[in-house]
Amino acid sequence: MNNTFKISILHVIFICLTSIGLKNHVTILSPILETAKRDGWISVILTSITLFPWLLWILYIQKKSQLKPIKVWLAEKLGQKTSKIILYIFIIFLYSLAAFTLRETILWMSSTFLENTPIPLLILLYIIVCFLLISTNIQTIVSVNTIILFFVIIFGFYASFTNLQVKNYELLFPILEHGIAPVIHSMIFAASGFIELFLLIFIQHYYKNPMKWYHIAIIIFCFTGLTLGPLIGAIVEFGPEEAARQHYPAYEEWALVTLGRFIEHMDFLSVYQWLSGTFIRIGIILFIVCDILNFTGQYKKIWLYMMPPFVILTFALFLIQDETFLRINNYYFLYFTFVFIFLLSILLILVGMLSNRKTARTSPQQQNLK
């Protein structure tokens, strides 16, 4: 791999904040609030603490694979056929992950500020823009992301501090009003966002330097803040019951933001946050698919072979009624995402351990031959 296409760990962190951060900041809030109510913030903290040790296995996989492309490493350890089966299953999962993100975003757009715009037009425009991004290279993606993220963070802090005047932190109490069970149950929703950090393994061959434990700690800390901010904000601004009824609490909080006494309706800034987050999230997910298929930089293959199935899958999701889709997206797909990535991480860990045993067995034989 040419050094031109290497990225720093700082850029990796930025990519995480935008792509995975969108899910933590938007998608998982509704099920957490609906399940744990005012104690939802406790489940987020517990998730970050319990999942952090497991996420450190990323470093183990990184060490055993020696920062090789995972597709190459799996082929070496498991053989071509087995590795291809695993990778194609993973590609289907990534397509689903990106399609669900786009379906949710278009649903939000059509129900808030683009009610009369044809949905097929929105889908095609967004897909074209995303495929223009993945047709470039990893450096372009991280450069675009850095510019986008700067304004996303500024707008986020602006909304948070502006709404201080309407926040009532007494609404966070009493703690554990309904016991610990709802908190434990809602942890899986937060975990489905945090565990997506394992997806970084599939772009590790683009790193300038290996990732360290404190890099993962920083990312987890940022994820926790990204989730707690709008989650606690929804509780203290609307109350736990009203917040639990909202599909998108982070967006509803923007309705309270004003600029001085005379300027209201600042929620258009949230449109930038959400659309740019979706843009980067879909872009990096499909770039991983592109890299696994060896399509990187090959525009014709990307547009002819990758784009049509994604368009079909996305349109297929729009055949599902909105309420049914929200139920699937906010619950069943979050469960599935966590379980799938968890099992994938176990598989990669076992492959790493298996390579240890093979090395240990072959070493004495090599010594005897000498």
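Heads up, residue numbers simply count up from 1 along the chain you see.
Note: Cβ is positioned from N, Cα and C throughout, glycine not excepted.
Per TrEMBL, the feature transmembrane segment maps to 7-28, 40-61, 85-102, 117-134, 141-159, 179-201, 213-236, 271-290, 302-320, 332-354.
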CB contact flag for the transmembrane segment (302-320) and the transmembrane segment (7-28), at least three pairs under 8 A: no
Recorded stretch that, among 117-134, 141-159, 213-236, has the most CB pairs under 8 Å to the transmembrane segment (85-102): 117-134
Beyond the flanks of the transmembrane segment (332-354) by at least 6 residues, Cβ under 8 Å: 27-28, 31, 54, 57, 60-61, 63-65, 70, 73-74, 77-78, 86, 90, 93, 96-97, 100, 188-189, 191-192, 195-196, 198-199, 201
Residues from the same chain, set at least six apart from the ends of the transmembrane segment (213-236), whose C-beta lies under 8 A from its own: 9, 12-13, 16-17, 20-21, 24-26, 28-29, 32-33, 38, 40-41, 44-45, 48, 51-52, 55-56, 58-59, 156, 160, 163, 167-169, 171-172, 190, 193-194, 197, 243, 246, 249-250, 252-253
